[in-house]
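**Student:** Please see the structure below; I have some questions.
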Amino acid sequence: MSTSSNTSGECSPFSITDSIVVQATDDNADKILQEVDLSDPNIDKNDTFELRQQVSIKESPLYYLRDIPYSAYTSFQVSLIFLIVIYNGFLGPLAGNVFIPALPLLQKEFNVSETTINATVSVFMATFSISPLFWGALADKGGRKILYIISISLMVIINILLASVPKKIGSLIFLRIIQAFASSSVISLGAGTVADLTPPKDRGKAMAYFMLGPNLGPILAPIIAGLILLDNNNWRWLFGFLCIVSGLGLIMVILLLPETLRCIVGNGDRQWENWSQNENDMSTQPVDFSSPISRWSFVSDIGFLNPITQDSIFKGLYPHPPKFSVWTYLRIMTFPPVILTSIANALLFCTYYSISVTLSHFLATEYSYSNLKIGACYVCPGVCMLLGSQIGGHLSDSMRKSWKKENYNTEYPLEFRLILTVCGVLLAIGGSIGYGWCIQFHYHISAVLVFAGLMAFGLTWCNNTIMTYLSELLSLRVSSAIAVSSFFRNIAAAISSALIAKLCQKMGIGFCFLGLGLINLVSLFSILVLINNRNKWVKDSF
């Protein structure tokens, strides 16, 4: 690679030579100019996150950072980290969904109306929607692991208190609020960890794998609840079980999870800790990071950490996000791509939670099902949620890869990922409408579950794609971006769970879910507007 010398006394730490320059924002999201000799046969022109970089600092000789991988962790270590975040990602939705099959029982136990007992779901979802804004802001600056430890520890304590709560509805609602605050961290923290470890070209399926945890909540929670509620006096063990599984997650985090936030640990290579721009030591020797040494070790990285080095190259490769403020969230919330995708996702969640909350009630009253049968019926939409996320995530990455092969010198339009959501929204609309009329006319339970499954499939198909899109769009604020999206969708879920019983009474079940289905045409419109205006809105620095 030919180079040009830099003779100025003050210049950017990354001088430009006469080699071809590639902007790394396409596949890396790290704000740095990388120099690439495209004649080098070892360089994959479609894989710009692992490049041979040549960096010139002021007047000093060139230092070589060879083939820096996106992540320094081995496949086994990445799999282990994914296992931990998937498991802990399961805990939040588990806490919310294990409660739902018990609503008819708890209504009798606490001697309250259906609307009042549904309020315990509403306050949980409302808190679950707002709290990630707090966790996400800290996670993008202070680190992932310490927030996992704090939030899961709080989950353990609150579940102990819930298991012994007196039969007073006020106490139950209060503790559910605290439970929601603690458990709301796991999705934004997990999504941030996934983005730390996986490059954008693999981000869709990586997010799909992570979402196995959150999506398993709606599948396993009703079954677990049904088994626990075989004896109606055992409803307190719902929270005892949550305490046990949360404690297991906390142990895994403390013992095995490393810090992954890129502005603190970079790509996880331990060599960064002992490396800096030292001309006396490095003027004649290239610095080779192609054989990284991962920072993974037992019981490590506990606490709020500083960057492992103050070196300017490290800071250029792995920049800190701008200082957080309330205005940061307001700017993110009002950024058109974020608000449009969040509205689309929120309306889908509104419809899904209306189905989820009413299904147990209708199965008990209209079909005379036992608690165990009710729990088993939730398996169908739960499995469909898994399938929607996995198929959508893998297909999204496959379409991206095909596009890059044909346009390898062109930056991939991130909004192209959202094309897939059109199919998901249409499936969700059909599922909602079919579910309502099947209940209205008391059709066979298989028809009810098929339409509920279609709604669940369409929801996660869209949700996975939107999360992947946001993680690429706001690469320095991944947890915050996911938190904003979660805020909108969980607020919508809270409102729907609070009002759905009265809406069904006033409108009739069929017309109620017809309206909920058709309102998702707004979701479809939002996505189409974003795709058609993809060049209009330029990503700002958040």
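Even glycines carry a Cβ here, placed using N, Cα and C.
The N-linked glycosylation site feature in Swiss-Prot is assigned to Asn6, Asn46, Asn111, Asn118, Asn274, Asn463. Residues or ranges marked as transmembrane segment by Swiss-Prot on the basis of sequence analysis: 80-100, 119-139, 146-166, 169-189, 210-230, 237-257, 332-352, 374-394, 419-439, 441-461, 481-501, 511-531.
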**Student:** Residue list, the transmembrane segment (146-166) vs rest of chain: Cβ under 8 Å, 6 or more residues beyond ends.
**Tutor:** 88, 91, 95, 135, 138-139, 172, 175-176, 178-179, 181-186, 189, 236-237, 239-240, 242-243, 246-247, 249-250, 253-254, 257, 302-305
**Student:** Looking only at C-alpha atoms, tell me how far Asn111 (N-linked glycosylation site) is from Asn118 (N-linked glycosylation site), rounded to the nearest Å.
**Tutor:** 13
**Student:** Under 8 angstroms for C-beta pairs, at least 3 of them, ignoring pairs fewer than 6 apart in sequence. Is the transmembrane segment (119-139) in contact with the transmembrane segment (481-501) by that rule?
**Tutor:** yes
**Student:** Please identify the stretch among 237-257, 374-394, 481-501, 511-531 with the greatest number of Cβ pairs below 8 Å relative to the transmembrane segment (441-461).
**Tutor:** 374-394
**Student:** If you measure Asn274 (N-linked glycosylation site) to Asn118 (N-linked glycosylation site) at Cα, how many Å is it?
**Tutor:** 56
**Student:** Please work out which residue of Asn111, Asn118, Asn274, Asn463 has the most C-beta neighbours within 10 angstroms of its C-beta, and give that one of the glycosylation sites.
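**Tutor:** The most densely surrounded of these glycosylation sites is Asn463.
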**Student:** Which range wins on Cβ pairs under 8 Å with the transmembrane segment (511-531): 80-100, 374-394, 419-439?
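**Tutor:** Ranked by Cβ pairs under 8 Å, first place goes to 419-439.
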**Student:** Hey, which of 80-100, 169-189, 237-257, 332-352, 419-439 has the most Cβ-Cβ pairs under 8 Å against the transmembrane segment (210-230)?
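**Tutor:** Ranking 80-100, 169-189, 237-257, 332-352, 419-439 by Cβ pairs under 8 Å to the transmembrane segment (210-230) puts 80-100 first.
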**Student:** Contact between the transmembrane segment (237-257) and the transmembrane segment (80-100) is defined here as three or more C-beta pairs under 8 Å separated by at least 6 residues; is that satisfied?
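**Tutor:** The answer is yes, given that the two segments have at least 3 Cβ pairs within the 8 Å cut-off.
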**Student:** Six or more residues beyond either end and a Cβ under 8 Å away: which residues meet both conditions relative to the transmembrane segment (374-394)?
**Tutor:** 97, 101, 204-209, 211-212, 215-216, 218-227, 229, 355-356, 359-360, 363-364, 420, 424, 445, 449-450, 452-465, 468
**Student:** Please classify the secondary structure at Asn111 (N-linked glycosylation site) using three-state DSSP.
**Tutor:** coil
